[in-house]
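Visitor: Straight from Swiss-Prot, here's the annotation block:
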{"type": "SIGNAL", "residues": "1-25", "note": "signal peptide"}
{"type": "TOPO_DOM", "residues": "26-396", "note": "topological domain 'Extracellular'"}
{"type": "DOMAIN", "residues": "26-129", "note": "domain 'Ig-like V-type'"}
{"type": "DOMAIN", "residues": "209-318", "note": "domain 'Ig-like C2-type 2'"}
{"type": "CARBOHYD", "residues": "299", "note": "N-linked glycosylation site"}
{"type": "TOPO_DOM", "residues": "420-459", "note": "topological domain 'Cytoplasmic'"}
{"type": "LIPID", "residues": "420", "note": "S-palmitoyl cysteine"}
{"type": "LIPID", "residues": "423", "note": "S-palmitoyl cysteine"}
{"type": "MOD_RES", "residues": "434", "note": "phosphoserine"}
{"type": "MOD_RES", "residues": "441", "note": "phosphoserine"}
């Protein structure tokens, strides 16, 4: 009876013995496209072991040959032959890994490691991230990131931005309008049912202006500089600054230029506009003097192969005028609605307005101060001196009359003095002539030469 049972068991085990090798099971390895992955293969035999790595279709990838001291690997006819190797220093430890470099999506599949009469299956799953339309985009453009790879295991997916914020979950991540803060490394975190995890990343570069807009506050006569720094330097582009003066119905082109190899070439400048442009980066424009007719806003547009970039720029100025009995402080150029305009006499209460103009009727004499402020910060300041209000209406007429009267008196006094001096001189001369004639008639004149000469001079 025991022999019969033994014989039946032998018949059951015999087919297994006829198999070419025993299968250890399947190991799953996950990798990232472009990276390096190591497929494991372990054996209890540590020396003089012969191993071979094959595809599922039995095409040889790599194996060893020779004794333990002089063993070397041989590559087969696999498409991976130029991207695979093994770690020879680990063979004596019973480890025969297959190292695959520069992973590709089509490397996913089943790999078989045969050591002696045993074999091990390794399932390689390759994943990658793709960016549409590109990894280098302009500020304001849209971006879609997609996870590609085998659907085996259905991992849970989580996306994180360069700011380490969780954006979305799922195989895709969409950003309809990119910000400059979105420039950097985006990561995709995969969690599998076997508790293993995989992290993939992709670098996104967002090109643009670090500042969305720029406002310059200047007093009349000061130099104005518009600066347009960029977060890139290696792009060729063309640009134009369109400017709309405050109160104008349309904008006009102030300057057009091109940038190539980090050098700026000016194409055209508005006639009679004294403006200078930098010859390199960062882009900048300079007005020698701020004039009221320049106050307004503009749009700098840059045209690149990938699209267009825009930046708003403004020039804000203050204008203080006095017409008859009215003192006016006015803002020229665009301002934030939260800004305040104030007009005050020194040490007096200010008249404040959120509009672009503030006026004072019959202003008192003194120094008036016009301020444009945002919160506690003073952005612009202008001063005006006002004379006494009592003279404000009649001052020009009275001044002209006073000046005319004074001039008349001076002329009259001068004429009188001249006439008096002239008469006195003539009377004195007549008296002298009379005296000389009398002396001559009486023959009492001196005959000395010097006296004769004096007499002749008098005559």
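Including glycine, each Cβ sits where the backbone N, Cα and C put it.
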Visitor: Which number gives the other C-beta atoms within 10 angstroms of the C-beta of residue 434 (phosphoserine), all protein chains shown included?
Guide: 10
Visitor: I want to check the contact list for residue 299 (N-linked glycosylation site): same chain, sequence separation of six or more, C-beta distance under 8 angstroms. What comes out?
Guide: 241, 242, 251, 310, 311, 312, 313
Visitor: Looking only at the domain 'Ig-like C2-type 2' (209-318), what is the mean pLDDT?
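Guide: A mean pLDDT of 94 is what the predicted model shows over the domain 'Ig-like C2-type 2' (209-318).
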Visitor: Which number gives the other C-beta atoms within 10 angstroms of the C-beta of residue 423 (S-palmitoyl cysteine), all protein chains shown included?
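Guide: By my count, 10.
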Visitor: Which of the three DSSP-derived classes (helix, strand, coil) applies to residue 299 (N-linked glycosylation site)?
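Guide: Going by the DSSP assignment, residue 299 (N-linked glycosylation site) falls within a strand, counted as strand.
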